[in-house]
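J.: This is the structure, below, for whatever I ask next.
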Amino acid sequence: MTQALYTMDSETGRIAPAVDEEQARAWDRDNVMTTYARLPVTLVRGEGAKVWDAKGKEYLDFLAGIAVNGVGHCHPRVVRAIQEQAATLIHTSNLYLTEPQARLAAKLVSISDFERVFFCNSGAEANEAAIKIARKHGKKDGSATKFQIVTANRSFHGRTLATVTATAQPKYQTPFAPVVPGFSYVPFNDIEALRAVVNEDTCAVMLEPVQGEGGIYPAHKEFLQEARELCDKFGALLIFDEIQTGVGRSGKWWAYEHYGVTPDIMTLAKALGGGVPIGACLARGAAATTLVPGDHGSTFAGNPLAARAALAVLEAIEEEHLLANAYAMGAYFVHRLNEAPLRGKIKEIRALGLLIGVELVQPDARRVLTESLERGLIINAVGDNILRLLPPLVITKEDVDRAVEILSAVI
Ligand SMILES: *Cc1c(COP(=O)(O)O)cnc(C)c1O
């Protein structure tokens with residue numbers, strides 16, 4: 001591009017590079033693999049719960065980069081940490097110790113029930129690490145058959161071959177068959193089905209405390225308790241995938257705290273780096289020391305830039321009391337939706353903190369998403385009739401009121 005144009009926001013006086021949206025769309029259309037059906041909006045800037053597109057239009061972002069921008073867009077503390085670290089040391093490889101990674105591990109251990117952390121770059125990689133730990137842990141007493149991993153129907157655990165196998169949804173698996181051996185599936189929240197499949201050959205049970213991509217379905221407490229008991233009985237590891245539910249979204253640091261059921265392994269990604277790619281696999285007990293040098297690794301994992309960003313995210317959540325805010329705003333949101341003039345339009349609202357699923361009576365989710373976008377509200381649709389709302393933890397009552405106003409008009 002030879003253009004060197006800048007735009008100035010008339011309200012804030014902020015200068016930003018001009019974006020040639022048509023050119024960008026053409027480059028995307030002609031050069032990027034079409035794994036996403038893109039919405040007709042090009043986002044250029046974000047601040048808190050708001051984003052702006054290339055035409056200068058403002059949106060309330062109630063998807064937050066799919067639960068990634070937990071502390072909002074461009075949180076000043078996160079921006080500062082990234083800028084400082086980028087000017088100091090971006091990457092070294094894990095052959096060398098860097099202080100930010102060690103500090104982040106200590107912080108995560110101090111605010112959770114886990115003892116050790118393996119860092120990686122994404123959710124799928126965090127689950128891959130969990131699966132590898134479970135497989136190796138299953139072999140520790142010499143068993144050649146203890147490698148079965150039980151997951152739930154409608155789950156989502158990632159897109160790599162092993163994690164797509166853990167993801168019990170045929171649409172994600174079928175094109176890539178044969179998938180990885182050793183996985184079996186049970187209906188979510190079905191205690192009897194779980195009892196029927198977990199046995200001596202099970203090395204792990206892997207569950208989301210609240211199914212996110214599946215449509216916001218919270219686990220029943222008894223189901224998670226049963227999973228814990230069965231894992232203890234058969235020497236299997238209980239893995240909670242908290243990639244979407246963790247880092248404060250539920251109103252507590254980790255969703256498992258709502259249930260009083262502590263897994264052996266918890267996986268994180270999404271909100272952890274505030275947008276900088278980072279994942280983590282946290283473990284306690286034997287699972288924390290199963291991996292030894294040479295077993296597993298990742299070039300970029302936990303590099304100083306990502307670790308500093310994650311530390312800033314965790315500090316912001318603490319200092320700004322965002323756990324309490326997430327919980328309060330989640331409750332307020334559900335309350336407002338219930339009293340909005342939507343009677344007969346909504347079948348069910350499922351929520352834990354700021355994980356909110358609105359199941360519509362009509363198969364209308366796509367239309368609601370598109371029209372909300374036109375009115376300046378970003379949300380997500382799951383299937384034909386579920387709206388998924390994952391706003392940043394920093395939202396205010398005014399933001400919720402505005403979102404409910406738009407949703408009421410559209411639905
Ligand atoms: C997003 C997500 C993943 C996959 O994370 P990626 O970073 O996209 O690999 C896995 N599990 C859950 C519950 C998720 O929400």
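Glycine is treated like the rest: Cβ placed from N, Cα and C.
Feature annotation from TrEMBL assigns pyridoxal 5'-phosphate binding site to GLY123, ALA124, PHE156, ASP241, GLU242, ILE243, GLN244, THR299. Taken from TrEMBL, the feature N(2)-acetyl-L-ornithine binding site covers ARG159, SER298. The N6-(pyridoxal phosphate)lysine feature in TrEMBL is assigned to LYS270.
Help me picture where these features are in the structure shown.
T.: The C-beta environment of GLN244 (pyridoxal 5'-phosphate binding site), restricted to residues of the same chain at least 6 apart in sequence and closer than 8 Å, consists of ILE66, ALA67, GLU208, VAL210, GLY212, GLU213, LYS270, LEU355, LEU390. In this structure, GLN244 (pyridoxal 5'-phosphate binding site) belongs to neither helix nor strand by DSSP; it is coil.
The secondary structure of ARG159 (N(2)-acetyl-L-ornithine binding site), as reduced to three states from DSSP, is coil rather than helix or strand.
In the three-state DSSP scheme, LYS270 (N6-(pyridoxal phosphate)lysine) is classed as helix.
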J.: What's the most sparsely packed of the recorded positions ARG159, LYS270, counting other C-beta atoms within 10 A?
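T.: Comparing Cβ neighbour counts within 10 Å for the recorded positions ARG159, LYS270 gives ARG159.
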J.: Of the binding-site residues listed here (GLY123, ASP241, GLU242, ILE243), which is spatially closest to ARG159 (N(2)-acetyl-L-ornithine binding site) when Cα positions are compared?
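T.: It is GLY123, whose Cα lies nearest.
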J.: So which of the binding-site residues GLY123, GLU242, THR299 sit close to ligand 1, that is, with a CB under 6 Å from an atom of it?
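T.: Result: GLY123.
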J.: Please report the number of other Cβ atoms within 10 Å of the Cβ of ASP241 (pyridoxal 5'-phosphate binding site).
T.: 31
J.: Express the distance between the Cα positions of ALA124 (pyridoxal 5'-phosphate binding site) and SER298 (N(2)-acetyl-L-ornithine binding site) as a whole number of Å.
T.: 13
